[in-house]
Amino acid sequence: MGCLRSLVRRKQFDSSNGKAETHHHHQQLAKALTFPHLIAIGVGSTIGAGVYILVGTVAREHSGPALALSFLIAGISAALSAFCYAELSSRFPSAGSAYHYSYICIGEGVAWLIGWALILEYTIGGSTVARGISPNLAMIFGGEDCLPTILARHQIPGLDIVVDPCAAVLVFIVTGLCCLGVKESTFAQGIVTTANVFVMIFVIVAGSYLCFKTGWVGYELPTGYFPYGVDGMLTGSATVFFAYIGFDTVASMAEEVKNPRRDLPLGIGISLLLCCLLYMMVSVVIVGLVPYYAMDPDTPISSAFSSHGIQWAAYLINLGAVMALCSALMGSILPQPRILMAMARDGLLPSYFSYVNQRTQVPINGTITTGVCAAILAFFMDVSQLAGMVSVGTLVAFTMVAISLLIVRYVVPPDEVPLPSSLQENSSSHVGTSIRSKQPLLGKVDDSVVDKENAPGSWVLNKKNRRKFAGWSIMFTCIGNFLLSYAASSFLLPGLLRYSLCGVGGLFLLVGLIVLICIDQDDARHSFGHSGGFICPFVPLLPIVCILINMYLLVNLGAATWVRVSVWLFLGVVVYIFYGRRNSSLVNAVYVSTAHLQEIRRTSGHSLA
C-alpha cells in the first residue's frame, strides 16, 4: 500500500508565491528571458532540417499538391497541445514543463514516468540531430571527403560502428554555450535560427518568382489536388505533425522568464504560428516548382531549384539545413538540465543535478551530464533507428498536459502546502492533514448525489460529488480515447471486434464529455497557481480532442518503437522504486492550508521571540 500511495501523492503549489512547495529551498535560475528570446527558442527548436526532406517524401507518397493542407491540419492539431501548455505554463511557471504539471495535478508516479521519458527524448533527439549535421556540412564543402580527417566519419576496423567526431564536437560546443548562461545560449540560438529563417524566406520568394514564371506546373495535373484522396492528405498530416515538435521547449524555460504569465503563452503560440506559416509557404512553392511525383525524396528543395537551372541554391539550402540542425541541437540540450534539476529538487534524482552555478545561474551539472551523454551517443551510435522513441516521450507529455488541464479546471487539488520540518514539532495543533489523508482524484460517489435548493424543482450537484463525477468523467474520456485510437489503427483485428471496440470507446468518450460539459468547472481554479494568465478556450472539448489525436499517433508508432521504450520505462520503474520513492521530498510530508501556514509561522515567530 505504501508504494501505491507514493504513486498518487501530489506536489502542492503555493498560489501566494507561485512556487511548487517542497521541504527545501533551492537556488533559483536567472530571470533573464523575454518574449523575443522565447520566439528564438520555440522556432529554433521546432524547425529542424526535417522540413528540407519531409516536403519531398510526404508529397510523393501521401499528400501530392495538397501538402500545404497537410501542414495546416498538423499545425492545428499541434495547436491544441500548445493551448494546453500555454495555460499551464502561465499558471505554474517553474522548471520541469510536463513533469511539473503532472506532479501537481496527477501524481508522483505519472510525473516520474513523464520526466523519465523526457530525459530519453532530449538525449536521443540531440544525438540524432548531431549525427545529421556532418553530412550536410560536408555537402557545403564539396562532399564527404572534404571534411578534415579529424572530423570525418570513420568505421572502426572489425566492428560495424561508424564514429562521428564532428557530431560529438558540435554537441560539446553547444553544451559549452549552454553553460555560459541562458541569455548567451539563447542569443546564439537566435542567430542560427534567424539564418535558417532567411534561407526559408529565400526559398519562398525565389521559388514564387520561378512558379509565376513557369505557370505553377506542379498544380496543373490531371490527377487533381488530391491524387491520393483525402485519406492520403490526412496520412500526410500525421507524418508532418512531428515537424511541429519543439514548441514545448519554451515551457521548460518557464522559471527563467521575466514575465511568464504574458510571455510564455505568447512565445508558445507565436512560435507555432510562425513555423506553420513557413512550412505551408515552402510547401506551396516547392509543389508548384516540380510535380509531386517528380520530387527528389532526399533533397526535394535543392533539386527543385536545380531543375530550373539554379545550381548555386543547393549550397544556400544546405547551409540552412546546417543552421536548422544546430538550432534544434541547442533546443535539445537546453531543456533537459531543467527537467533533471526539477526532478532532483523533488528528491526523485540525486541532488547533484539540482546544483545551480551562482555566477551563470544555470544547472551546470545537469547541462554537462546531458552534453556528455548526447556526445557519446552521437559519436558511437547511429541513433536514427531510435528516433521513434523521441516521439513517444513528446506525445505522452502532450497527453498528460491535456489531462492535467482537465484536472485543473474540474478537480482542483486542495490549497495546501507542505509544512517545513522545523515547524512540525511545535505546531501539531495547527496541522491540517497529512498526505495520507488527502482526498483521491477518484472515489465512491455518495448516495446524496445532489443537494436540493430552496427553489422547488431545482437540483445541483454538491461540491464533493461534483469533483468525483468530474474525476470519473475524465477517466472515462481517456479510456474512450484509447479504445477508439486502438480500434481505428488495428486493421488486423476481426471486423466485429474492431467495431465493438469503436462502439465502446465512443460511448465512454461521449458519456465523459457530456458530463464534463453539463457540470460546472471548479471555482477554485481561479486561485490555483498564478491567476490572470492565459486561459485555454473550449474546455473540455479542446483538451479531449488533443488527447484523442495524441493517443492515435502513439498507437501508430509501431511495435518495435514500443518495445524499445518499454525497456527504458522498465529501467525507470526500477530507479523509482529503489531511489526516487524513498528519497522523494514528499516522504512523510504533512500539509496545511496556506492560511494555517502563515498562522503557524507567526506563532512560531512569537514563541521564538
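Just so it is clear, glycine is given a Cβ too, placed from its N, Cα and C backbone atoms.
Keep in mind that what you see is a predicted model, and the values were worked out from it rather than measured.
The transit peptide feature in Swiss-Prot is assigned to 1-14; the stated evidence is sequence analysis.
Among the features that Swiss-Prot reports, transmembrane segment is placed at 38-58 (among others), with the record citing sequence analysis.
Beyond the transmembrane segment (104-124), the same-chain residues lying 6 or more positions past its ends with a Cβ under 8 Å from any Cβ of the stretch are 6-13, 20, 92, 96-98, 332-333, 335-336, 339-340, 342-343, 348, 370, 373-374, 377, 383, 386-387, 389-390, 392-394, 396-397, 400, 403-404, 407-408, 413, 441, 565, 568-569, 572, 575-576, 580-581, 584, 586. Marked as transmembrane segment by Swiss-Prot on the basis of sequence analysis: 104-124 (among others).
Marked as transmembrane segment by Swiss-Prot on the basis of sequence analysis: 161-181 (among others).
When Cβ-Cβ distances below 8 Å are used as the criterion, the transmembrane segment (190-210) is approached by residues 36-37, 40, 43-44, 47, 51, 278, 281-282, 285-286, 288-289, 301, 304-305, 308, 310, 313, 316-317, 319-320, 323-324, 326-327, 330 of the same chain, each at least six residues removed from its ends. Residues or ranges marked as transmembrane segment in Swiss-Prot: 190-210 (among others).
Swiss-Prot lists 226-246 (among others) with the feature transmembrane segment. If you look at the transmembrane segment (226-246), the same-chain residues 6 or more away from its ends with a CB under 8 A from one of its CBs are 42, 44-48, 50-51, 54, 57-59, 61-67, 69-71, 73-75, 77-78, 272, 275-276, 279, 292, 328, 331, 390-391, 394, 552-553, 556.
The annotation transmembrane segment is assigned in Swiss-Prot to 270-290 (among others) on the grounds of sequence analysis.
For 361-381 (among others), the entry in Swiss-Prot reads transmembrane segment, with the evidence type sequence analysis.
Distant neighbours of the transmembrane segment (388-408): 80-81, 84-85, 87-88, 91, 97-98, 101-102, 104-106, 110, 113-114, 117-118, 120-122, 124-125, 128, 242, 245, 248, 441, 471, 474, 477-478, 516, 525, 528-529, 536, 539-540, 543-544, 546-547, 550-551, 553-554, 557-558, 560-562, 564-565, 568; these residues of the same chain sit at least 6 beyond its ends, with a Cβ under 8 Å from one of its Cβ atoms. Summarising the annotation, Swiss-Prot assigns transmembrane segment to 388-408 (among others) and lists sequence analysis as the type of evidence.
Beyond its flanks by at least six residues, the transmembrane segment (474-494) meets 403, 406-407, 410-411, 442, 501-502, 504-513, 515-516, 540, 544, 547-548, 551-552, 554-556 of its own chain at Cβ-Cβ distances under 8 Å. Among the features that Swiss-Prot reports, transmembrane segment is placed at 474-494 (among others).
Taken from Swiss-Prot, the feature transmembrane segment covers 499-519 (among others).
Marked as transmembrane segment by Swiss-Prot on the basis of sequence analysis: 534-554 (among others).
Sequence annotations record features per position, and here Swiss-Prot assigns transmembrane segment to 558-578 (among others) based on sequence analysis. Long-range contacts of the transmembrane segment (558-578) within the same chain, counting only residues at least 6 positions beyond its ends with a Cβ under 8 Å from a Cβ of the stretch, are 3, 109, 112-113, 116-117, 120, 348, 386, 388-389, 391-392.
For the transmembrane segment (38-58), the list of distant contacts is 67, 70, 129, 132, 136, 186, 189-190, 192-194, 196-197, 200, 236, 239-240, 242-247, 249-250, 253, 257, 263-264, 266-268, 270-272, 274-275, 278-279, 282-283, 286-287, 295-301, 303, 317, 320-322, 324-325, 327-328, 330-332, 334: same-chain residues at least six beyond its ends, Cβ to Cβ under 8 Å.
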